[in-house]
Amino acid sequence: MTQAVMLQGTASDVGKSVLAAGLCRIFYQDGLRTAPFKSQNMALNSGITSDGKEMGRAQIFQAEAAGITPDVRMNPVLLKPTSDRQAQVVLMGKVATNMDAVSYHDYKPRLREQILAVYNSLAQEYDVIVLEGAGSPAEINLRDRDIVNMGMAEMAQCPVILVADIDRGGVFAAIYGTLALLHKQERDRVKGVIINKFRGDVALLYSGIEQIESLTGVPVLGVMPWLDVDLEDEDGVALQNDKYRGNAPRDITIAIVQLPHISNFTDFNALAAQPDVRIRYIRRPEALTDADLVILPGSKNTLSDLAWLRESGMADALLQTHRQGVPVMGICGGYQMLGDTIVDEVESGLGTQPGLGLLNTITRFAQDKITTQVNATMSGELPSWLAAAAGLPVRGYEIHMGETVLQEGCCTAMTLQRNGCSVADGAVTADGLAFGTYLHGLFDSDAFTRAVVNGLRARKGLAPWETTFCYAEHKVRQFDLLAEAMRQHIDKIYTIMQQHQEPV
């Protein structure tokens, strides 16, 4: 029988996704066929499977930790917020509809049977399933239609481990309060607690651990220290917590504009891992002053974020920075914003709007979303600081609902191989100071990334780095470091799975 264990949290961003990846890595190292599963994920960081399905990035990197190919069954429901009240609903990797929160809450019971069927299908193929909840199981206003926390644990008939973040303070209150708000049958599923992100001498916690175990009857399985591991974050909460402010001095500074609806900021993890690069996510115009490159990232609401750029003064500052000779790059929604004109009758309904005008392009939004993994080749001739990237192979994925047409004065940045056909993508100006593409994951291509960074180094009179950093090997090292730390600090996971597994 397939064994399963589920991680739920006292709140969002307590570290469930990373610890789930660590469990996937441990079971993989121990020779068990393991898969991650999250029934419903709300995130703007998504990726594309080999068969063109869209799923949450968290389950993609958990699958990588487990040594398997990501499968959309690992995340059957993906919610991508388009505003404070609306979200795009992606079912089994394809866009279904847009809904507000109330409509989706009413819709959830219809998903329960489908989610269970998908889970059972996955469980038949693996020895272990590592499930992840969302937010907290103590959201009592959502309990009656829950499909992602205790509702999912009930469907999978699996034990639950509660993860609590001590770094934000109030960890014992969070543990006690969460367990107190659960129904008895839900509380009985919780077989242990992990206290996560601890800094300092763990001996200071012992008396508190004894008391919380006595008060709740639930054992603390371990205290995970704050780990300096470089792994993906599920969504923008990490940006709000200043994790990526990048204060360490490096030769090259890259400023990424933190749009209100920023998506796929995992595009820049490989850049951040470069030994000579400092990444800074910025929201204030004055923060552009020391940038060697400015990047406009993806957006789930392009025109809304473009309006924010103008209202915040960021657009004027970005254009001024560009006039001073600093290159500006756009990816997906950011690429669209760099153009002359955006025609949107789909996403926002705002019609025709002017872009920033750095690329002579016109973008028209469409109803159908392109979701595919692609191989590509950079154009054979690229100007200025991009010249070393000319002709290089790159790989990535597309997630967009717009088509961008180049006008006079722009050259194609690369050629994609999409479904067996060659497709032109991206645009670059003659001076190389404005460059855009729809290709997410571009910087995971090591040779391209080093060529770009060395081009920026040359602009500053710095010698190039001859050694190319291998991001794939770096990720493997991070998975192994995480697994080693979890083995050292957490007990009884195997015992819990073996003793508390129920037949589905």
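In case you wondered, yes, glycine gets a Cβ from its N, Cα and C as well.
The structure displayed is predicted, hence computed values, not measured ones.
According to Swiss-Prot, the protein carries these features:
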- C332: active site, nucleophile (ACT_SITE)
- H440: active site (ACT_SITE)
- 251-448: domain 'GATase cobBQ-type' (DOMAIN)
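The Cβ of the residue listed as 'active site' has 26 neighbouring Cβ atoms from other residues within 10 Å, across all protein chains displayed. If you draw a 10 Å sphere around the CB of C332 (active site, nucleophile), it holds 25 other CB atoms from the protein chains shown. A Cα-Cα distance of 7 Å separates H440 (active site) from the residue listed as 'active site, nucleophile'. Secondary structure from DSSP puts C332 (active site, nucleophile) in coil.
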